[in-house]
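Please read the structure below before turning to the comments.
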């Protein structure tokens, strides 16, 4: 059991393709102000001062080139076809971890201070921690034909960011019990009936997914915000 003092290992799945981003390469390797999104995401983790080791998971054919791109202390391993496969590959080389962060490479502008706050919550005894922001748009649920089936109460909704943090023991249990594809690690923990703690996120920790997101991210970098 984690005692609040053990090592923190951050996993960065970076095998997603840049289809919605309009790029012909994995989106983690798209340029953002003269360097890749992946490099910026890893730098943020290291600059937080709260992470002991970073493990990056990429397509097998990019392992060697990624190692030359990142600082020597970063571990790079091959992932799988799905995000869950990549996180499992990262966990397999994180035996030393008491705590694990899972961070999207596409959230390249995440402030180091947010990363440190997630880790602080873990060290204070939380088993699962996620950063969130209030949802500003009204959300509708729809059926397969596009007909509206409901309107969730907006005050109860939150947009989830990363890094998501967990005790290593809990995240391993969640992945051992996972029987399908998941885009959210906290969701796997919830399936175990475990409580997930939310903290206030940061606007700049947005996920760079669409061409418009990339325009915004590049503008922020150019203005010197990051």
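Glycine too: its Cβ is placed from the backbone N, Cα and C atoms.
Residues annotated as site 'Transition state stabilizer' in Swiss-Prot, with sequence analysis given as evidence: 20 (among others).
The feature site 'Transition state stabilizer' is assigned by Swiss-Prot to 27 (among others), with sequence analysis given as support. Other Cβ atoms within 10 Å of the Cβ of residue 27 (site 'Transition state stabilizer'), summed over all protein chains shown, number 27. DSSP assigns residue 27 (site 'Transition state stabilizer') to a helix.
Taking Cβ-Cβ distances under 8 Å and a sequence gap of 6 or more within the same chain, the neighbours of residue 154 (site 'Positions MEP for the nucleophilic attack') are 135, 138, 139. According to Swiss-Prot, the feature site 'Positions MEP for the nucleophilic attack' maps to 154 (among others), an assignment based on sequence analysis.
Annotated site 'Positions MEP for the nucleophilic attack' per Swiss-Prot: 207 (among others), in sequence order. Its Cβ placed at the centre, residue 207 (site 'Positions MEP for the nucleophilic attack') has 18 other Cβ atoms within 10 Å.
Residue 207 (site 'Positions MEP for the nucleophilic attack') sits 11 Å from residue 27 (site 'Transition state stabilizer'), taking the Cα positions as reference.
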